[in-house]
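What TrEMBL says about this one:
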type	residues	note
COMPBIAS	73-86	compositional bias 'Basic and acidic residues'
COMPBIAS	87-97	compositional bias 'Gly residues'
REGION	68-97	region 'Disordered'
TRANSMEM	106-123	transmembrane segment
TRANSMEM	152-172	transmembrane segment
TRANSMEM	184-204	transmembrane segment
TRANSMEM	230-254	transmembrane segment
TRANSMEM	266-286	transmembrane segment
TRANSMEM	298-318	transmembrane segment
Amino acid sequence: MIANSSLISSNFSTLLFLRNHKLATRISFPHSDKIKNPPKTQFFNNSISGFGVKGRLYVRHSSLNLQNQQDPSMEKDVDGSTKENEPGGGSNNGGNGDQWDWTTSFVLFGLWSGLMYYVFFLAPNQTPLTDMYFLKKLLNLKGDDGFQMNEVLVGLWYIMGLWPLVYSMLLLPTARSSKGSIPVWPFLVLSCFGGAYVLIPYFALWKPPPPPVEETELQRLPLNLLESKLTAGIIMAAGLGIIFYAGLSSGDVWKEFYQYFRESRFIHAMSIDFSLLSAFAPFWIYNDMTARKWYDKGSWLLPLSVIPFLGPALYLLLRPSVPTVPALSSPSSTEEK
């Protein structure tokens, strides 16, 4: 998932015509039979020395207030501005911008509600005590008791710890909302605990376009960290290591993980969370790419963005810097002054 043209109007119209030799041209106005006071015509002798041609310059002045003489493709708003009467009303959303926004928000909130209902009421929950044991082991709150954790489960746990950083780099600053007072950072912080289940409500409330990025913002936290190629390189290297660690596990380990997925609510919900984060990532990569004006050169990365985690990590490593504006040119700075 968005052209106005300006119309210069006046209370008189002027028509210039050069009469060469004895050629005369009459100018007719539409609905001339309804004009009570005909416009005045003045004649001026004129000589064009550059071409050596003498003639008369006809200047036709009209002070009539002719209505309905505007271009039918142009339409004037109530507030005095003009816009082009395109199909869709000049809106970037096909003439139904508000309807499209609310429809999208309704769909996302419906998806989120259905997911929350499924996780809390329909997801398998046959091993609640085992879930608590696994959680303590993964948080290193349980000492070495001789039990070996499933490698795929450990890899999934650690990769889920990297997803919030990936989404922070995708949503800040190019997915901030400028039409509402909903900040993105609380959702990003809570996504460290709730993943996509926390981010989807922000997706529904998001109102583009984002505000401009000042040059000074890139020199402060968190943008100087999130825009750093070093951060993107660390994410890429860590993701490759974790995926190879889990991917090279034996078939028995994968069968055991599948059994956990069918019985454990904790592992079941975490697996769905990973799938949701992977599914939403291509859209936010596209949004970030267009905001950085890099779509023409970086569009080849969009098909790769569907690769779970590695596709978004590769994009973060290769993307250019975000366009910035001087601090005094931003709307916020102007208001502060």
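Cβ coordinates come from backbone N, Cα and C, glycine included.
What TrEMBL says about a protein is an automatic prediction, not a curated fact.
Contact between the transmembrane segment (106-123) and the transmembrane segment (230-254) is not supported: fewer than 3 Cβ pairs lie under 8 Å, counting only residues 6 or more apart in sequence. Within its own chain, the transmembrane segment (230-254) has Cβ neighbours under 8 Å at 150-152, 154-156, 158-159, 162, 165-166, 169, 309-310, 313-314, 316-317, counting only residues six or more beyond its boundaries. A Cβ distance under 8 Å defines the sequence-distant neighbours of the transmembrane segment (266-286), meaning residues of its chain 6+ beyond its ends; these are 115, 119, 123-124, 131, 134-135, 153, 156-157, 159-160, 163, 166-167, 170-171, 175, 195-197, 199-200, 203, 257, 260, 295, 301-302, 305-306, 308-309, 311-312, 315.
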